[in-house]
Structures are given as C-alpha cells and as structure tokens.
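Residues or ranges marked as N-linked glycosylation site in Swiss-Prot: Asn313, Asn421. Residues or ranges marked as motif 'QxxxRW motif' in Swiss-Prot: 301-305. Here Swiss-Prot flags 21-41, 336-356, 369-389, 396-416 as transmembrane segment, drawing on sequence analysis.
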Amino acid sequence: MATPLQIMPLPVWPITFLEDAVVYLSALFTPWFTAFCVLWLHRYVRLIVHCYSHWTYKSKPIPSKPSYTSDDVTVVIPTIHDNFDELRPSLESILATKPHELIMVTTADKFEDLQRVAKTLSSPNIRIFCTQYANKRIQVCEALPKITTRITIMADDDVTWPSTMMPWILAPFEDPKIGGVGTCQRVKRVREGGLGLRIWNWLGAAYIERRNFEISATHNMDGGTSCMSGRTGAYRSEILRDYEFLEGFMKEEWWGKILKADDDNFVSRWLVSHKWKTWIQYEQECELETTLEDNIKFLYQCSRWARSNWRSNWTSLVKERHVWKQQWWCTYALHIATFTSLAFVFDFLILAALWWGTEGWEPVNRNRAIYAQLAFLAFSKVVKLVGLFRRHPADIMFLPVSIIFGYFHGLIKIYAGLTLNMTSWGSRTDGDTDDAHRLAPGPVRCSSLNTPRSEHKLPHYMQERDEIVNEKQQMREEEWEHL
C-alpha cells in the first residue's frame, strides 16, 4: 500500500520576521518621518547624482585632424558699453584666437566711438554695425545675415578668452548632431580693496562656480541644461541664419507680448525643440574670464537671471514640453527645481520633519540622526565650491557669507517670480534706455483692409472674412424667424 503524501508545514520564522518587519516599519515611518524621507530624497538625490556626474565629466578632446578651424568662425558681440576703451583687453584676447571675422553691433549714437576704438586694434577683420535700439536680440539679428562662416560664436563684450579657446570650443562640432557648445567660466577676482568689495566679488565668483558644476553635471546625464550662457557660446551658423529661427527669435511671446529679453534662453530651447545636441567644454584651456557687479547692483543681476529662469523654464515645461521626452533628468533636476528649490524653506522643513519624526527614538539615536543631517547640510553648501577653494584656499573665510546669501537668494527668486513682467537690467549704464522694447505688445492686424478696385478676385483672406460675415448674418436672420 502506497504511503500517503505528507505536506510539511511551512516554517514559522519567515512569517514572524515579516510581521515584525511590518510592525517595525510602521512604527518607524510615522507621518513626519515619511515627510522627512520624501523631502530629503526630492532635494538631495539630484545633488548626489550631480556630484558623481560632475566629477566624472569629460570634455570632447581636440581631434588630430579637425574639421573646423578658427577661419571657420565669426564672433558676434552686441555692445552698449559706455566706454569702449575699457573693452580693449577683451577684444584683443578674442582677436588673438584669429577668428575669420569679428562683428560688433552697437546703437547709432555710439557707432562712431566704437569705430574709433576698432581702428586702433589693427585688425582688418572687424566690422561695425548699428541699430536704432539698445537690445541684444535686435543687435544680433543685425549681424546674423552678414555671417559667411560655418560657426558663429556669440559673446559678451566683457569676456576675456584664453589663447587656447578656439580649438577646444570647436572640438565638439566633429559630432554632426552637436548644434551648440558652451564654455567653462570664472569671475575675475578682486584681491585688493575693502572687505565689502571682496565679499561682492566672492558672491559673483561662487555663483559662476555653482553654474559650472550644474551644467557639467547635467550634460553628463542627458546632454541638457536650462540655458547655454550668452557670455560665450558657439553655434552652427545654419541654425542661427534659418528663417524660422530668426522669426521666432524676434517674435517670442510672453503673456501676450513680444519678449526681447532672455535671448540665450531662447537659443537653448530652440536647440532642444529642433533636436540639436549641446556640449560644455569644462577645461582650463577653454575657460573664459568675466566680470560681474561687485556692489549692491549684483542683486539686480541675480533678480534678472531669476526672472529669466522662471520665464524660460515655465515655457520649457508647459508651453513647448520638449524636455519631458528629450531631457528627463534636466526636467527633474533643473526645470522643476526652479519652482521647488527654496533653501530657506526646504532646509528648515527637512530638519523640522526629522526632529518630529524621531520623537519616539532613543535620545542617543535621535541626536545622531540630527547631527548626521546637519553634517550633510554643511556638505551640500560646500561641495559645489570645492574648485574655488582649491584655487584660492583663503576664500574659505567667505563661506558663511555664501551660506547666508544662499538663503537670501530664495527671497530674490520669490520676488523675481512676482515681477515677471519686468525686463530691466538695473545694473548697467544705459542698459535700460530702450527697456520698453523688451516686453511690448505685438503688432495688431488691421480689422479692415482696403483693396484697390480691380476686376481680379479678392484675396483669399478677404473671401474667408466675407464668408464668415455672411454666415453670422444668416444665423441672426434664422434666429429672428424662429422668434
């Protein structure tokens, strides 16, 4: 007789372990501790990823047989400087890289003065043009039709280039899918003068250093960035001379008005929308030097940049929406973060949620958790500035100022978000002379058109208008008959 099949009972310990784990996790993840975890992950996942991405970032190497040389480059500089003689060092550094041509565009009232300075530079490859209004988009559009080279570099009038700039900024264009290339940046440091002057100078240097960190990290993740800097950026001329680009560049809308600020943001979004890739050359040989305001006017610059970020990131996320598919990491780490990364709010909430979320813990463990969070918070305030401290160790004295300003900058972002209709510079002489043209109502189509007497048929749009009028008249007559 066959032995009946016996079913062995399952051991009790796995079930007991799971039950204990559920009980433990339920006790651990109180509402406040859950809130802490969510806030912490939202704020710091991108920082941890960016640290790894930045530290492993590699620039495109210079090819042994480059397809592009300096003779393929035209440099365009819009300028409204009040003293063109001060631009001489910057212009000489750019001309030292031997571009095919340097085109400068100023306003009509400053045209002769700029020509005078250009003649003293002893270079036959400089052309000067002028526009009626002091506006970068208008000035750039004045220069673009004159360009005959394959690459166009748009630069600010206060940047100083290293002599090694050109081969490095051209190297990424070996990839035919690359449409734009940016550079590493540094602020010209002030080592003499009062403490206030050096503090403002440090804040500007720290601002640019953080930007270097972010754009290299995001490019290493998905090739994206919120903005290719207008201080110096190289682009394929075929992109900038395209009729659709020029029309969009001059007719971008914001709140029903024509926006002629945020030019570099528009170019960056255009590259994304037309599936061109971008790259950043994070090398000392491709590192330009620039100047920022070293007084309270720096706050005006910060508010202007913050407004540009609000407007451009909102356009990217809501209106154009290309980044959702093409740059998934930048969508989270840059675009969405614009609306959620207020340090003075999130740092406080994370600490408060951790304190209340560990209320039932042993005092020793609770203190360890708080100290660990404070240590990580300090790390987050320092890690993006490591390059700055490495070059100038004495700058560590300014770290408390940087942390305090980081919290204050949250207020600047809120103010900028509430004043998005403002486009003024506020920090540059003559910079706001034509501010009314930066955000102005667009042209309105005339409601009636006068057509000369002719035996020819009316234009198509006139026919459509008459058909609509007749249709509305017929509807009114039918309504009256019904009544």
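Placement of Cβ uses the backbone N, Cα and C atoms for every residue, glycine included.
Fewest Cβ neighbours within 10 Å among the glycosylation sites Asn313, Asn421: that distinction goes to Asn421.
Remote same-chain partners of the transmembrane segment (369-389), defined as residues 6 or more beyond its termini with a Cβ less than 8 Å from a stretch Cβ, comprise 44, 47, 51, 205-206, 209-210, 212-214, 347, 350-351, 354-355, 358, 361, 395-396, 399, 402-403, 406.
DSSP classifies Asn421 (N-linked glycosylation site) as coil under the three-state reduction. Model confidence over the motif 'QxxxRW motif' (301-305) is summarised by a mean pLDDT of 95.
In this structure the C-alpha atoms belonging to Asn313 (N-linked glycosylation site) and Asn421 (N-linked glycosylation site) are separated by 15 Å.
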